[in-house]
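Written below as structure tokens is the structure these notes are about.
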Amino acid sequence: MDEDKQGQEERVEYPKGLRLHIITIALCLSIFVVALDNTIIGVAIPRITDEFDSLDDVGWYGSAYFLTAAAFQLFFVRLYSVLSLKWLYIAAVSILEIGSLICAVAPSSTVLIVGRAIAGLGSAGVLAGALIIVAHTVPLARRPIYQGCVGSMYGIANVCGPLLGGALTDKVSWRWCFYINLPLGGLTVFVMVLFFRAPGARREAEPMNLITHIQKFDPWGTAIFIPAIVCLLLALQWGGSKYPWGSDRIVALLVLFGALTSVFIGIQIWKQEDATVPPRTIKQRSIMACAWFALCLGASFYVLIYFLPIYFLVIKGVSPVKSGVYNVPLVLAVSIITPITGAAIAAIGYYTPFMILSTILTTVGAGLLSTFTVDTGHSHWIGYQVIYGIGAGFGFQQPLTAAQTLLSIEDVPTGTSLMLFMQILGGALFVSLIQAGATSLRTTIDPTLLPAVLVVYNEALASVYYVAVAMRNHRRQTHPGTHHVQVTMVEEGMPIASITLGVWAVA
């Protein structure tokens, strides 16, 4: 495996100097746009519902985006494996921009939802494409640094989104929450057209007829996988809110999800090399362990990102914009620690220890957050968020690093998209399962009853944080399945991945 990996690295021509830095900045901008699109809309929703009189559609402003982002994540990996990386990435950014433009000029709530779905489709290609491009522009030993820089954009956008969204909504119009994406995405497209050249390892051309080319996209697997994910997310979105969990609709959606998933697995086994997720990829113990790590971390992180602002809104009684400010300690810690961790991995050559540290700190941090009360002071909610954020920063990029270290260059797109999909899926599953209740208690509850109601509501939110604790603690079960991998340097700075004996285990 080491010799194969080294040979592949030696056949790759990487950009250097100013060209590399310009490409990296463009990738960072694209991820910033995707992340901003997720976070900026929250504070704009009240104005949107007032203008369109669309209170019943509130859930779909986020769900439409996520449905397409999650459902098409693995489909894009097939496209990146077969089509031009450069032009497909540019197409994905363009789709995201078109979706944002539709949202910005939307004359009705329905058009806005359609725009959100189109933007989500583009984001699926941008997320996977950005990290795949990093794999083709940076040597293996230095990838953690660049992945950390690109990944930190998500944290920065989480900080900027609520603040920027609040300012634009109050001072200009909610529509500028979408217009702002256009120049950023346009700059990314401009840079990629001029500076990025198609990757990687030089392969001999293999002429294919149209039928063979179509088969490379795994059309059967894609046709089954996308509706399977849609069924699951619709069931979680509607269950317990629009319809009872035991209703025929919800049961039918869950049964259909199970049946379609079984068919999808069968197709992957049948298609082998042409599968959306080739079986050889997920047969590796470390890849499966890292995928589970990604799901658990995504579940834990997004539960807190979603529900902590509700604690500040309801229990502390602050404004939506201020609740975003109060959430800054967590996302800022993630943003700072993620690139630092990448540099540390490049220096010491191991990423597995940071996965273990991530599990420990996020479990402790989430446990401390579950102790919040109505009277919790600033020092506690700031410090606890920082502890959790440091742990999350240690862990976020490691599944991606593992996939790009352990897999051949041909399988890197599959591994990268699989890890991203598991992170997104973890967040979607658990946020949907524990959806929030009302956030306007202070204006709808009798003031004489409010203190008692706040205590009960706070206890309910604390039970949400227990889910975050459980998901991070459950992650420690995968440590024995994760190889202890070192990224070492050979002559002229070319990296190889050497698998050392033994595995890390947490007692």
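Keep in mind that glycine also has a Cβ here, set from the backbone N, Cα and C atoms.
The shown structure was predicted, so the numbers you read here are calculated from the model rather than taken from an experiment.
Summarising the annotation, TrEMBL assigns domain 'Major facilitator superfamily (MFS) profile' to 23-475.
Tertiary proximity for the transmembrane segment (20-46) is limited to same-chain residues at least six positions away from its ends with a CB under 8 Å from its CB atoms, namely 14, 58, 61-62, 65, 93, 96, 100, 119, 123, 126-127, 130, 133-134, 137-138, 146, 149-151, 153-154, 156-158, 160-162, 164-166, 168-169, 174, 177-178, 180-181, 184-185, 187-188, 191-192, 195-196, 309, 320-321, 324. Residues or ranges marked as transmembrane segment by TrEMBL: 20-46 (among others).
Panel annotation: around the transmembrane segment (58-80), residues 37-38, 41, 45, 48-49, 88, 92, 112-114, 116-121, 123-125, 127-129, 132, 216-218, 222, 225-226, 229-230, 233-234, 237, 241, 276-277, 413-414, 416-418, 420-421, 424-425, 428 of the same chain, lying at least six beyond its termini, place a Cβ under 8 Å from a Cβ of the stretch. According to TrEMBL, the transmembrane segment annotation covers 58-80 (among others).
Residues annotated as transmembrane segment in TrEMBL: 87-107 (among others).
The annotation transmembrane segment is assigned in TrEMBL to 113-133 (among others).
Among the features that TrEMBL reports, transmembrane segment is placed at 145-164 (among others). Residues 24, 27-29, 31-32, 34-36, 38-40, 42-43, 130-131, 134, 137-138, 177, 180, 305, 309, 320-321, 323-325, 327-328, 331-332, 334-336, 338-343, 345-346, 393, 396-397, 400-401 of the same chain sit 6 or more residues outside the transmembrane segment (145-164) yet have a Cβ under 8 Å from a Cβ within it.
When Cβ-Cβ distances below 8 Å are used as the criterion, the transmembrane segment (176-196) is approached by residues 15, 19, 22-23, 25-27, 29-30, 32-33, 36-37, 40-41, 44, 86, 89-90, 93-94, 96-97, 100-101, 103-104, 115, 133, 137, 164-165, 168-169 of the same chain, each at least six residues removed from its ends. Taken from TrEMBL, the feature transmembrane segment applies to 176-196 (among others).
Annotated transmembrane segment per TrEMBL: 217-238 (among others), in sequence order.
Away from its own ends, the transmembrane segment (250-270) comes close to residues 218, 220-221, 224-225, 227-229, 231-232, 234-235, 238-239, 243-244, 276-279 of its chain (Cβ-Cβ under 8 Å, at least six residues beyond either end). Sequence annotations record features per position, and here TrEMBL assigns transmembrane segment to 250-270 (among others).
What TrEMBL lists as transmembrane segment is 291-314 (among others).
According to TrEMBL, the transmembrane segment annotation covers 354-374 (among others).
Under the heading transmembrane segment, TrEMBL lists 418-437 (among others).
Summarising the annotation, TrEMBL assigns transmembrane segment to 449-468 (among others).
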